[in-house]
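A quick write-up on the structure given underneath.
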Amino acid sequence: MDKASITEGKPIRCKAAILRKAGEPLVIEEIQVDPPQAYEVRIKILCTSLCHTDVTFWKLDSGPLARFPRILGHEAVGVVESIGEKVDGFKQGDVVLPVFHPQCEECKECISPKSNWCTKYTNDYLSNTRRYGMTSRFKDSRGEDIHHFIFVSSFTEYTVVDIAHLVKISPEIPVDIAALLSCSVATGLGAAWKVADVEEGSTVVIFGLGAVGLAVAEGVRLRGAAKIIGVDLNPAKFEIGKRFGITDFVNPALCGEKTISEVIREMTDVGADYSFECIGLASLMEEAFKSTRPGSGKTIVLGMEQKALPISLGSYDLLRGRTVCGTLFGGLKPKLDIPILVDRYLKKELNLEDLITHELSFEEINKAFHLLAEGNSIRCIIWMDK
């Protein structure tokens, strides 16, 4: 009898990396993961990765989003262990991606080709579970609830995810590559292809050369962009960027008395056709906007402004035709578009291997935080069973 049939409908005891206090190392503890309820699936995590969003919430020590204890992690791949009632389209053994961005497949926006903003669910990122509010599926050794993280919580051997946040994928794709498609790569590629719709011969500038920014570069490279300018303070990112088609580099620390946008405009005659802000700083969003050409320049904001600061845009610049828009998850509908990305990878159209710079065991998860925080990794794969 396999383990799935033994554990189905019962709590599972497993290891999880728990954040008990802001900024402190995660603690690997034994926890209990309850069985899935209606519309939920319990997943065995195969591997997970670390995103800057995880680091942001790891440091967060106040406000409604700061909750302890908590299981972080949202970029991962797993296998279905068991399903709850009213679950269609998933079965034991399916390879799946848990995704923080929901798709209910019923609301006006999910049905429309114009947006990926699920109006049924996307406004709530405070709950533990999508349909059951603050009810948690995790308990520590003392029987106390552990908070979920943006409906995924992948820093655990098992997790429970609502079907609105779950995508079934082909088992042919390597699982480490698949994990990247659940957040960073999908966000960058989607922004380049679906939101910006970059044309051949375009000039592009990308602010921030982390995994999202490099995925943008890969996307515009495949669209035939003629000039791809990367902006980053870390000179090591420049060599990595070349593998994704970046042709020119700007280090803000070396711009002297000029602003970044002034340097970009000089490099591109009057400005870039497309500008992508992948960091999440209001000041850089403004610089990204000023870096684009009058008449048709388009700025896409992918980074989340951590302090929710406003940005200031010149009304005359808007009148002259420059535009700016934001995007969550690159404008992609997870259930519809992620399988397409998987297929393009399997057809060898996408270079994603170079995004993985480190691999660690689950017990080494705190090292992954330090590598990313210090700018020494792009993506670190954390293996649950190695």
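A Cβ is built for glycine as well, from the same backbone N, Cα and C atoms used for every other residue.
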Using only what Swiss-Prot says about NAD(+) binding by T53, G208, L209, G210, A211, V212, G213, D232, K237, L302, G303, M304, F329, identify which of R13, R20, R265, R379 is listed for that site too.
R379
Starting from the Zn(2+) 2 binding annotation in Swiss-Prot that includes C104, C107, C110, which of C51, C118 is the extra site residue?
C118
Determine which of H74, H165 appears in Swiss-Prot for the same Zn(2+) 1 site as C51, T53, C183.
H74
Distance from F329 (NAD(+) binding site) back to C104 (Zn(2+) 2 binding site), taken between C-alpha atoms, in Å:
15
Cβ-centroid neighbourhood (8 Å) of the Zn(2+) 1 site, C51, T53, H74, C183 excluded:
H52, D54, G73, E75, F100, I150, S184
Just name the most isolated of the binding-site residues C110, A211, going by other Cβ atoms within 10 Å of its Cβ.
C110
Spatial neighbours of H74 (Zn(2+) 1 binding site) that are distant in sequence (at least 6 apart) but have CB under 8 A:
C51, T53, D54, P98, F100, F149, I150, V152, S153, S154, S182, C183
Return only the integer: C-alpha distance in Å from L209 (NAD(+) binding site) to C118 (Zn(2+) 2 binding site).
28
Just to verify a number: CA distance, G213 (NAD(+) binding site) to C110 (Zn(2+) 2 binding site), in angstrom, no decimals.
26
Would you work out the biggest C-alpha to C-alpha distance among T53, G208, L209, G210, A211, V212, G213, D232, K237, L302, G303, M304, F329, R379, the residues that bind NAD(+) according to the record, and give it in angstrom as a whole number?
23
